[in-house]
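According to Swiss-Prot, the protein has these features:
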TRANSMEM  146-162  transmembrane segment
BINDING   Ser296, 356-358, 373-381, 395-398  UDP-alpha-D-glucose binding site
REGION    446-477  region 'Disordered'
COMPBIAS  450-471  compositional bias 'Basic and acidic residues'
Amino acid sequence: MVSETTKSSPLHFVLFPFMAQGHMIPMVDIARLLAQRGVIITIVTTPHNAARFKNVLNRAIESGLPINLVQVKFPYLEAGLQEGQENIDSLDTMERMIPFFKAVNFLEEPVQKLIEEMNPRPSCLISDFCLPYTSKIAKKFNIPKILFHGMGCFCLLCMHVLRKNREILDNLKSDKELFTVPDFPDRVEFTRTQVPVETYVPAGDWKDIFDGMVEANETSYGVIVNSFQELEPAYAKDYKEVRSGKAWTIGPVSLCNKVGADKAERGNKSDIDQDECLKWLDSKKHGSVLYVCLGSICNLPLSQLKELGLGLEESQRPFIWVIRGWEKYKELVEWFSESGFEDRIQDRGLLIKGWSPQMLILSHPSVGGFLTHCGWNSTLEGITAGLPLLTWPLFADQFCNEKLVVEVLKAGVRSGVEQPMKWGEEEKIGVLVDKEGVKKAVEELMGESDDAKERRRRAKELGDSAHKAVEEGGSSHSNISFLLQDIMELAEPNN
């Protein structure tokens, strides 16, 4: 480990991950990357969330990395939540989302006391975009705050442009009308419902929550982005200009996981034995397996999940299908059994009911494609593994990420989903892609057409670039150095 901070006054970064699996995983990776450079790291979270990362962090600490995990009690009672509801994926209904965000902001007072007592004094706060209360703490103690969105530069720039041109969204005649994003490096079209909700949200509690996030974004010192310059060069350049030079692409941060245990155990413990999974993959032909995972907060209705399953079956290709939140899909379990689906696909399909060792699976040579919900972590992990993607966006930034992968990078195939899944309206929305559509998209991705071969070549090229970016001398490795230098200069007494 090469320290990039002085021994007399080491930098001390305090990290605040948002309590959602897709936000916490990269923040823990960022903690390890910074600690490898000699930065003292304190991660602030709640007991239930700390337990998810205990093993990964213990291994990091035992290896000599200066990481400390501090826990604060989550005020679930004060917000009207149930005990244990400390993470987005633990909420049983959409109605609990607003109380959850209120509970998060109740953490300001206990966290402020923590910061007051910290020794050494924090040099910098790195906070998730969804925790605007940290801006007040940064201002009170005059500590620079770096923001982490968990999105790529393409989406961040898109959100910035649309906030500045709000009238474009206001003037649309319907939610299905297409518009072109102005002042963008590439010509990209969306409908109003496909853009991230932070960009366009009606009045009410949600607007108040997002307005607080936007204000915190605009008052932060800078932004770190889990991406790399070679992936989206024009967007990284333009977004850095928007942030007055204070935007650093430091990814893919997942590549800090170099040993099998860390790859297999990111966040929740896997619900399949690692050796069993690898043995199954070893039995398949090189590049033949489609990995299917629609994220930690998949809200597809039963009717759509059935069509997805039947389409995978009819594709006649080997697949791994991860279904998270399995306990919520009892009817699907019954259908698997009663319809004979599980019996019919047992030699060709592997069902993982819960969490999977995603990085291990994606990096296995038998895997040749990834059907993803286009959450940024999964999108980037697929790209890093050099795999072409079959895109199935659900909500939030996911339609943005689909546009980047399919239209800009030319490394993916669309499933055909045109509208987001609204929480509470899933059954009303129903089936967006039938089994024939699924089968056709799988064939387009995994087949032997010239276009499919070109996508695979392009995906491998991007994967190689991702690995080079984090090596010494690579763009992301260098950007971490630039970030640390910037904060060191701020920490000097005369500054």
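Cβ atoms are placed via backbone N, Cα and C, with glycine included.
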CB within-chain contacts under 8 A for Asp397 (UDP-alpha-D-glucose binding site), separation at least 6: Met151, Cys155, Pro196, Gly375, Trp376
Structural state of Ser296 (UDP-alpha-D-glucose binding site), classified by DSSP into three states: coil
For the binding-site residues Ser296, Gln358, Ser378, the one whose C-beta sees the most other C-beta atoms within 10 angstroms: Gln358
Nonlocal neighbours by CB distance (under 8 Å) for Glu381 (UDP-alpha-D-glucose binding site), same chain, sequence gap 6 or more: Pro252, Ser254, Gln358, Met359, Leu362
Per-state residue totals over the region 'Disordered' (446-477) - DSSP helix, strand, coil: 25 helix, 0 strand, 7 coil
For Ser378 (UDP-alpha-D-glucose binding site): DSSP state (helix, strand, coil): helix
Conformational class of Gln358 (UDP-alpha-D-glucose binding site) under the three-state DSSP mapping: helix
Protein Cβ atoms within 10 Å of Gly375 (UDP-alpha-D-glucose binding site), excluding its own: 26
